[in-house]
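Let me begin by presenting the structure, written as structure tokens, before commenting on it.
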Amino acid sequence: MAKLLLLHAPHVLPKFSSGSRSLVSASALYRRPLLVNSQFSHIEPRLRSPYNRRFSARAFDDSPASSSAEIEKEQQEPLRDGVSGERNEDYPTGEMEYVNRNAWEIFVVKLRMLFAFPWQRVRKGSVLNMTLRGQISDQLKSRFNSGLSLPQLSENFVKAAYDPRIAGIYLHIEPLSCGWGKVEEIRRHILDFKKSGKFIVGYINICGLKEYYLGCACNELYAPPSAYSFLYGLTVQASFLGGVFEKVGIEPQVQRIGKYKSAGDQLSRKNISEENYEMLSVLLDNIYANWLDGVSDSIGKKREDVESFINQGVYEIEKLKEEGLIKDIMYDDEVISMLKERLGVEKDKKLPTVDYKKYSGVKKWTLGLSGGRDQIAIIRAGGSISRVKGPLSTPGSAIIAEQLIEKIRSVRESKKYKAAIIRIDSPGGDALASDLMWREIKLLAETKPVIASMSDVAASGGYYMAMAANTIVAENLTLTGSIGVVTARFTLAKLYEKIGFNKETISRGKYAELLGAEERPFKPEEAELFGKSAQHAYQLFRDKAAISRSMPVEKMEEVAQGRVWTGKDAHSRGLVDALGGLSRAIAIAKQKANIPLDKKVTLVELSRPSTSLPDILSGIGSSVIGVDRTLKGLLDELTITEGVQARMDGIMFQQLGRDSLATPIIDLLKDYLSSLR
């Protein structure tokens, strides 16, 4: 049976790049997205409670397979606030306000430090030394994983702000491979840390747009004389395989529902469609405008002046200093000497520092940052969506529906949780799996407040999950929406003829060969059924989205059609309720659960990594033992994609894995073409 996939098509999409190098976002040398989660409402002494007026989502009253009668009934209800049927609601900002501790609190913290384990002790006057590099996961990492974790990175910022032993932060910013959603969250933590009055000094070797966007938020930013500057702007590239497939004898038969659903274009087209061009241009405009606004804010220059500087094509690091974009040009050892002098450390002594990994082991309890009695569950869902765990799956690399559903049910059945936050970082995937998780989230939302918090991307299947929540929160540059589906099958008749391969199929049943006879193209009646099934999947998705957002179907159709939106644009169109990071989601969860905003809560992570030996070895075993299955998997995907997909067109999401619609096919084609030389 064919599968429906709700995906944002991370890897099938074009890639953002800056300058002349291909990127997932803005830097000239790198690719992928980023995130930051303000998961510390529970440790903040006080949260401001100004409110912004935003829209709220209404929970579904229908079953997973909403009938047309139910949908029609919903649409007959009076709409709120005009055509969109949205309800204005005040949401707390969740903004952190740093508050100095009193004498008793200081005494308690010092007492706890005396009894801390040796590996959790930090020398007084230390500098927290952290390096941002490459991919930053939205998942928690175990002690055996060396990668950066946004939750742990965020926690370190907050702990350092309140830790009397930490004098400041020395932040090394290397080329980043994460998305703009995570970049926004990290930047927010940098700005929040500065409220403590401690210094945060940035150091940058390669200056791309993402790297500078974070660096300029620090108190001071330094770079070596030989640093590379790639502040040239943003580009987006889309590649197409239609011509390649034609030459090697592969005929993609693609059904995409939604004129903006470009997750099939890469396979079937030879050039970009007008709709895809329009969508990518708007996304590019939003990201670039947000970058200009943020940078001009941080360095105190007019937006026009910053844009003018970018358009000069500056590559000399000296120009950045002259224009005030960096504090000074210094080598790393010179910055360390400067910090030693600032902290009163003798020249012949070593600067006391603590690194990211060791500081991650410092308990919040030691610093008086533990939460209160009320508990809020956090369920993290990152990666492409599958219904069951595959043979090559590694922990935390994908959303496995059966595992996530188990967590959701445990929260629903437990009375200890006052609310739940579903943290989503996914381009989508299997449509059936998305619908099953939607149902469980909907049931959970009927028993307690559920807030969906979006990271880099929550599109197609990722948005499908989010729309079951009571409230949806996204970053300004979260990529979301992509309400559409795509399905494809590959006819290999000409390829088989070229390589001398033959395949005969014997079947019973008129449509038995619909998904299995790749040696021939569709018959007319098969093509009709193939298209109808995709259209049916799209209508179910769109209509559920309309009900959840309290919109008429006609209005939802205008913002659906497979179109990807930034969080900011999605918010203005009623697809998202509030803009912000995890800290705002926590504040809204407290509000919905009738918990005072200034009251501490305990955040319970239900997606903690396993430290058992079998799970540690599983990552190794899946890549070694499963090698013999790889070729078969590639061939299977070459003949038929996983049925109907709801993917977000993989614009800049190589970081989400290699489970795209096209990547295995591209790899196989490379091998085939190289063999012809």
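Placement of Cβ uses the backbone N, Cα and C atoms for every residue, glycine included.
Quick look at what TrEMBL annotates:
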- Lys261: active site, proton donor/acceptor (ACT_SITE)
- Ser460: active site, nucleophile (ACT_SITE)
- 70-88: compositional bias 'Basic and acidic residues' (COMPBIAS)
- 194-345: domain 'Peptidase S49' (DOMAIN)
- 444-595: domain 'Peptidase S49' (DOMAIN)
- 60-88: region 'Disordered' (REGION)
Have a look around the residue listed as 'active site, proton donor/acceptor' and count the other CB atoms within 10 A of its CB, chains all included. 33
How does the model score the domain 'Peptidase S49' (444-595) in terms of mean pLDDT? 93
Work out how many Å separate Lys261 (active site, proton donor/acceptor) and the residue listed as 'active site, nucleophile' at their Cα atoms, rounded off. 10
I'd like the number of other C-beta atoms within 10 A of the C-beta of Ser460 (active site, nucleophile), please. 37
